[in-house]
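J.: Okay, these came from TrEMBL:
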DISULFID  C24-C334  disulfide bond
BINDING   E35, D36, I98, N149, D150, N205, D250, N251  Ca(2+) binding site
ACT_SITE  H96  active site, proton acceptor
CARBOHYD  N251  N-linked glycosylation site
CARBOHYD  N305  N-linked glycosylation site
Amino acid sequence: MLALHPRNRLKTSREIESLDLPNCRLIKGIEAGSEDIDILPNGLAFFSVGLKFPGLHSFAPDKPGGILMMDLKEENPRALELRISRGFNLASFNPHGISTFIDTDDTVYLFVVNHPEFRNTVEIFKFEEEDNSLLHLKTIKHELLPSVNDIVAVGPAHFYATNDHYFSDTFLKYLETYLNLHWTNVVYYSPNEVKVVAEGFDTANGINISPDKKYIYVADILAHEIHVLEKHPNMNLTHLKVLELDTLVDNLSIDPSSGDILVGCHPNGQKLLVYDPNNPPSSEVLRIQNILSEKPTVTTVYANNGSVLQGSSVASVYDRKLLIGTLYHRALYCEL
């Protein structure tokens, strides 16, 4: 079924040289993926762990997903699983993209793309810092959110989300990718209005917002591109520019100190989708400086052939500490 992906979109022949960092360790307690990571301004990092998908490798197929937290201000930070309030279905929790929002009263909201029984919902939680727990507030389902991948929160119940397929049916998804329809999109959701605000992507994936809140960045994974969209007061988006890269771009994070974009990438998509422990998927993290300029600077922050870290999907930085998460493998903590 995966032969349907045209080879050049998956970069099937690409191999990479490792560019390892000196002060790194694998994070204890993350064994089966940490697909997305979001860090609060105070150094608390949230990890979305245990994502499962039909046809996707999993090291813990029977264990539900969860949300872990790590305090990067600590000398030797550890990842702790956050308790989730009663009444939320933990057994079917299958978290994907995540995003935090801090309200004017300092309430912290965590938005989580969830695929219970491979369906599509967005869960909104309130983070209770005093007892390291999440209070579930709301489950959002909508016909314009058929195949949600990632999310960026812009209000207490307001967000932009990417759909990585137009269809929700598994067979139609394969067909759509094979036919290269470019039907995937970005949707704006609020309690009063839900609308498609950008479309025509091959496979819209990671999404984030610039520090000044003027621009939305979207990763198109199978087109190997990052799109820059201008955000308007009515929340509509207009296409500004596209940056072409030589790798499958997954999640996008913003370095709060510089505004640079950190990208978790898959150098070879075939290895990611058809898992072989003897030839595992590699990892790659890129930093993009001055994306709005004529010639943005793209540098490799980290690269590994899969011997340490397999299938990097996200990289987030806080105060010279770098976290790298993966689609279904481990997670790495580095001091830069």
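Cβ atoms here come from the backbone N, Cα and C positions, even for glycine.
All TrEMBL annotations are machine predictions without curation.
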J.: Across all protein chains in the structure, which of the recorded positions C24, I98, C334 has the highest Cβ count within 10 Å?
T.: I98
J.: Measuring Cα to Cα, how many Å separate N149 (Ca(2+) binding site) from C24 (disulfide bond)?
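T.: Here the two Cα atoms lie 28 Å apart.
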J.: Using only C-alpha positions, which one of C24, H96, N305 is spatially nearest E35 (Ca(2+) binding site)? These are the recorded positions in the record.
T.: H96
J.: Let me know how many other Cβ atoms fall within 10 Å of the Cβ of D250 (Ca(2+) binding site).
T.: 28
J.: May I have the list of same-chain residues other than E35, D36, I98, N149, D150, N205, D250, N251 whose Cβ is within 8 Å of the Cβ centroid of the recorded Ca(2+) site, in sequence order?
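T.: Result: S48, H96, G97, V113, G206, S313, V314.
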J.: In whole Å, how far is C334 (disulfide bond) from D250 (Ca(2+) binding site) when you measure between their Cα atoms?
T.: 20
J.: Can you check which residues sit near N305 (N-linked glycosylation site), meaning Cβ under 8 Å from its Cβ, same chain, 6 or more apart in sequence, and list them in order?
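T.: Result: E15, I16, E17, S18, S282.
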J.: Below 8 Å Cβ to Cβ and six or more residues apart, same chain only. Which residues does that give for D150 (Ca(2+) binding site)?
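T.: Listed in sequence order: D36, H96, G97, S99, V113, A161, T162, N205, G206, I207, N251.
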J.: Starting from each candidate's C-beta and looking 10 angstroms out, tell me which of the binding-site residues N149, N205, N251 has the most other C-beta atoms.
T.: N251
J.: Sorry to bug you, but what's the C-alpha spacing from I98 (Ca(2+) binding site) to C24 (disulfide bond), rounded to the closest Å?
T.: 24
J.: How many other Cβ atoms are found within 10 Å of the Cβ atom of D36 (Ca(2+) binding site), counting all protein chains shown?
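T.: The answer is 30.
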J.: Provide the number of Cβ atoms within 10 Å of the Cβ of E35 (Ca(2+) binding site), excluding the reference atom itself.
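T.: The Cβ of E35 (Ca(2+) binding site) has 28 Cβ neighbours within 10 Å.
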J.: Taking the Cα atoms as reference points, how far is I98 (Ca(2+) binding site) from C334 (disulfide bond) in Å?
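T.: About 21 Å separate the Cα atoms of these two residues.
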